[in-house]
Amino acid sequence: MDSTSRVEQPDPNIVGSEGGGGGGGEGTGTSSASAATEGGQSTTVSAAPPSRYESQKRRDWNTFLQYLRNHKPPLTLARCSGAHVIEFLKYLDQFGKTKVHVTGCPYFGHPNPPAPCACPLKQAWGSLDALIGRLRAAYEENGGKPESNPFGAKAVRIYLREVRESQAKARGIPYEKKKRKRPSTSSSVATAGSAIAAEAGGSGGGSGSGGDGVIGQQPPTAPNTTV
């Protein structure tokens, strides 16, 4: 990218993974605060360390801010747009580890190439998609307004969709959205039967909760009415 200079940082391929190592220097240990008590003694209150997701989000955010500072001319966060976010994603491709075959490659569309080729390594679509999600959240956590969030811009969504489709063709690995499983007829009948049994038990014993036991709880057992 002509308009940028390289950012001195660890391999940005960790940007695409949740967690990663202990880079960043922030939030990796347990912080403590001392508070004075009435007797003059101090007690130490330890805060829980941040989750892997929060640590990765902080590293991603710091990496992006460093990229803006090294941009020529330098960019401020207030002037950052969706086009600059796309520039950043393309800049990260040089650190990618995913082989993406070009159209003229004999292994184009081959999910398991039998031999190496000279095609470039890029950031995988899934890594970029997860990165944008973390940066979008970090932007608003650091005072940005949702309506001006550059990571949620339409241009960024279109770019990610194009990357997903092109990598799916080049690598021969389709990206499919997870479909919600619809309950089968047998399970629906079983649930309805449990609800009826629970309702009967509630009216007979006086302590049943009717249909409340159907969702998220085990349905109450119907009383034995055999004489």
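Cβ from N, Cα, C; glycine included.
The compositional bias 'Gly residues' annotation in TrEMBL covers 17-28 (among others).
Under the heading compositional bias 'Low complexity', TrEMBL lists 29-44 (among others).
The compositional bias 'Low complexity' annotation in TrEMBL covers 184-200 (among others).
Residues or ranges marked as compositional bias 'Gly residues' in TrEMBL: 201-214 (among others).
Look at TrEMBL and you will find 52-179 tagged as domain 'ALOG'. Across the residues of the domain 'ALOG' (52-179), the predicted structure has a mean pLDDT of 93.
The region 'Disordered' annotation in TrEMBL covers 1-56 (among others).
What TrEMBL lists as region 'Disordered' is 170-227 (among others).
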Helix, strand and coil totals (DSSP H, G, I; E, B; other) for the domain 'ALOG' (52-179): 77 helix, 4 strand, 47 coil
